[in-house]
Amino acid sequence: MALDPLGAVVLQSIMALSGRLALAALRLWGPGGGRRPISLCVGASGGFGGGGSSEKKFSLQDVAELLRTRACSRVVVMVGAGISTPSGIPDFRSPGSGLYSNLQQYDIPYPEAIFELGFFFHNPKPFFMLAKELYPGHYRPNVTHYFLRLLHDKELLLRLYTQNIDGLERASGIPASKLVEAHGTFVTATCTVCRRSFPGEDIWADVMADRVPRCPVCTGVVKPDIVFFGEQLPARFLLHMADFALADLLLILGTSLEVEPFASLSEAVQKSVPRLLINRDLVGPFVLSPRRKDVVQLGDVVHGVERLVDLLGWTQELLDLMQRERGKLDGQDR
């Protein structure tokens with residue numbers, strides 16, 4: 001039976017993506033980023049898709065127009081740590097931070113060891129100290145999270161792929177069905193011995209009390225479903241690879257695009273699909289393999305998002321949404 005045209009495109013894209021991901025083992029190599037923004041449009045002469053320099057370069061205004069007119073309505077978003085730092089989330093890898101100093105009492109060989117299973121089984125306390133700091137509820141979503149929520153509310157968001165484990169996408173009101181949490185979540189937890197699954201709130205009291213949570217059945221350590229080095233990515237990461245074949249716009253915000261296989265997804269959309277990077281630095285394919293419809297907004301991520309929102313004419317809607325949602329979060333804290 002022949003595939004319809006859209007089905008053929010999806011199949012071809014999945015096959016191409018699978019080939020690229022086969023080169024990057026489906027293992028997590030590590031957990032996943034001002035000045036005023038500078039707008040940079042990558043021209044046709046150096047990009048995929050050919051064409052001469054006379055072709056019109058794509059701009060942030062063009063991206064805004066596609067969204068405003070709903071010419072693009074299947075938006076896939078990729079985000080990293082850079083969207084959460086404005087919420088005040090500390091970097092445990094940065095010397096001088098209180099969290100880094102607190103973790104040093106455990107004689108950690110290097111910060112990333114916290115996410116290594118061997119070290120975790122030897123001494124799980126450093127991870128749970130970090131978990132206590134990052135557990136949902138400690139930090140609030142910022143402008144960028146609520147912009148993504150607004151995309152969902154306007155039925156423009158196909159899927160949001162996040163490297164973050166802070167849960168701020170959920171806290172902004174984006175439903176779980178729209179999320180692929182590539183590096184895991186605190187929403188669920190699993191016993192490392194008997195593999196029983198638990199709701200994340202079941203271990204919350206232990207984590208907040210600086211106790212290592214234990215399975216009530218076998219007494220094994222119960223670990224939040226955060227992806228450690230060498231662990232398989234969540235099944236949803238694979239189930240939604242077709243999203244990139246269906247996408248008509250790709251937004252990439254606040255990520256270094258260094259961690260595979262997440263980083264390879266940035267090249268998984270069709271070559272005709274616009275890609276917008278809002279980031280502190282020029283990264284990944286925007287350096288190595290730019291395309292004609294690439295747009296780069298360099299600088300502070302929040303400032304870049306605010307500029308896009310202004311071009312969209314959504315500023316007041318975003319402010320109203322933030323006020324409503326922050327009021328709800330304040331009510332939950334009482």
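Heads up, the Cβ atoms here are built off N, Cα and C, so glycines get one too.
The feature domain 'Deacetylase sirtuin-type' is assigned by Swiss-Prot to 53-315, with sequence analysis given as support.
In the three-state DSSP classification, LYS57 (N6-succinyllysine) falls within coil. Marked as N6-succinyllysine by Swiss-Prot on the basis of a large-scale study or a structure entry: LYS57.
What Swiss-Prot records for 80-100, 163-166, 254-256, 279-281 is NAD(+) binding site. Look at GLY80 (NAD(+) binding site): DSSP puts it in coil. When other Cβ atoms within 10 Å of the Cβ of GLY80 (NAD(+) binding site) are tallied across all protein chains shown, the result is 29.
Per Swiss-Prot, the feature active site, proton acceptor maps to HIS183; the stated evidence is sequence analysis. Just so you know, the Cβ of HIS183 (active site, proton acceptor) picks up 23 other Cβ atoms within 10 Å once every protein chain is counted. A coil conformation is recorded for HIS183 (active site, proton acceptor) in the three-state DSSP classification, outside any helix or strand.
Residues annotated as Zn(2+) binding site in Swiss-Prot, with sequence analysis given as evidence: CYS191, CYS194, CYS215, CYS218. Of all Cβ atoms in the protein chains displayed, 19 besides its own lie within 10 Å of the Cβ of CYS215 (Zn(2+) binding site).
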Between SER84 (NAD(+) binding site) and HIS183 (active site, proton acceptor), the C-alpha gap once rounded to whole angstrom: 15
For the binding-site residues CYS191, CYS194, CYS218, the one whose C-beta sees the most other C-beta atoms within 10 angstroms: CYS191
Residue among recorded positions HIS183, CYS191, CYS215, CYS218 with Cα closest to the Cα of GLY80 (NAD(+) binding site): HIS183
Distance, LYS57 (N6-succinyllysine) to HIS183 (active site, proton acceptor) (CA atoms, angstrom): 35
